[in-house]
Amino acid sequence: MEITNVNEYEAIAKEKLPKMVYDYYASGAEDQWTLQENRNAFSRILFRPRILLDVSKIDMTTTVLGFKISMPIMVAPTAMQKMAHPEGEYATARAASAAGTIMTLSSWATSSVEEVASTGPGIRFFQLYVYKDRNVVAQLVRRAERAGFKAIALTVDTPRLGRRESDIKNRFTLPPYLTLKNFEGLDLGKMDEANDSGLASYVAGQIDRTLSWKDVQWLQTITKLPILVKGVLTAEDARMAVQAGAAGIIVSNHGARQLDYVPATIIALEEVVKAAQGKIPVFLDGGIRRGTDVFKALALGASGIFIGRPVVFSLAAEGEAGVRKVLQMMREEFELTMALSGCTSLKEITRNHIVTDWDAPQARLVPKL
């Protein structure tokens, strides 16, 4: 079967992967309402395309924290990719580099920062969980710096792990032939089996629940790398991130895996963008499966987006070739959406190109000039 869109990889991954692994990647928290809503919310945003504009040349390039990339579509951090495919994060790193975009490596990767750096050139960010032992954190950040990573994406929505019922039922744990490579030498690379989710037990034992805004400033004392605050959903926290000196914000609900019944990220995005007031860039992850979704996010003020599950599902299905294909399909769909909306560069994508079901009724008819 010829794959014609990103969504088709999920069914292939479900067939290929052990149930425990597929469920870990696919599931959300509790009732999984936010998991569905992350996708459904995009369908409540419609286009207002402009016509009779010369769209023969389209430029999708952009810069993120000063780094030039080929398109505003980047790779989100997803843990334990060697559960999906033997090459895991190596394959993803090569595919992102080939696509001319950024890969974010998870703290809980099954390949270390050094191993990913060894795959060749590429712009890479490092996603960080803050452990109770701050020496572990400082050591990890220094290793990421030495390995050439360009930014830290600090995940702030996980003082405890969300209740993922599939993982509890499956007694999820990292397969015995794999380790959390970044922590291997620190005796923190293995995950013990537990009476519920092995990952939940690991998080409870290792992750620092006292994490606060002071720690964003503490991180700035141990690294020169720019810090993105990942997990912001409100205007209040967006303002706090600006005050704390963050270099950017990632609007994220952790793939709907933490607190259920939080809004879809695309719904929360505009509030965060307005609160940031253009002082720092705002990015988005969660639910993006189409080039049309990318356009909608940019129209609502995002500077770029990150995709997670499409990467692990395509990795499971076809390895590096699958990830390359996902990035290429997303790119082509986004380019087509730009052309059919009458936009030839990212700066031409505006709020006037869309209408949402939360706009006032008159706004549907008369756009704000």
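Along the chain as shown, the residues are counted starting at 1.
Even glycines carry a Cβ here, placed using N, Cα and C.
So that you can see what the record holds, here are the features copied from TrEMBL:
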ACT_SITE  His254  active site, proton acceptor
BINDING   Tyr24, Tyr129, Arg164, His254, Arg257  glyoxylate binding site
BINDING   77-79, Ser106, Gln127, Thr155, Lys230, Ser252, 285-289, 308-309  FMN binding site
DOMAIN    1-359  domain 'FMN hydroxy acid dehydrogenase'
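Mapped onto this structure are the features recorded in TrEMBL.
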residue	record	Cβ contacts under 8 Å, 6 or more apart
Tyr24	glyoxylate binding site	Met80, Met83, Arg164, Ser166, Asp167, Asn170, Phe172, Leu199
Pro77	FMN binding site	Thr104, Leu105, Ser106, Ser107, Phe125, Gln127, Ala153, Thr155, Gly308
Ala79	FMN binding site	Ser106, Ser107, Trp108, Ala109
Tyr129	glyoxylate binding site	Ser107, Trp108, Thr155, Thr158, Ile207
Arg257	glyoxylate binding site	Ser27, Gly28, Ala29, Leu35, Gly162, Arg164
Gly287	FMN binding site	Asn38, Arg39, Ala41, Phe42, Ala264, Thr265, Ile266, Asp293
Arg289	FMN binding site	Asn5, Val6, Asn7, Arg39, Pro310
Arg309	FMN binding site	Glu10, Tyr25, Ala26, Thr78, Gly255
Notebook entry, point to check: What same-chain residues, at least 6 away in sequence, bring their CB to under 8 Å of the CB of Asp285 (FMN binding site)?
Noted result: Ala76, Ile250, Val251, Ser252, Gly255, Thr265, Ile305, Phe306, Ile307, Gly308
Notebook entry, point to check: Quick one: largest C-alpha distance among Tyr24, Tyr129, Arg164, His254, Arg257, binding glyoxylate per the record, in angstrom?
Noted result: 19
Notebook entry, point to check: Do you know offhand how many angstrom separate Lys230 (FMN binding site) and His254 (active site, proton acceptor) by C-alpha?
Noted result: 9
Next item on the list: Taking the Cβ of His254 (active site, proton acceptor) as the reference point, list residues of the same chain whose Cβ is under 8 angstroms away and which are at least six residues distant in sequence.
Entry: Thr155, Asp157, Thr158, Gly162, Gly231
Item checked: Candidate with sparsest Cβ neighbourhood (10 Å radius) among Arg164, Lys230, the listed binding-site residues -> Arg164
Item checked: Taken over the domain 'FMN hydroxy acid dehydrogenase' (1-359), the model's mean pLDDT -> 94
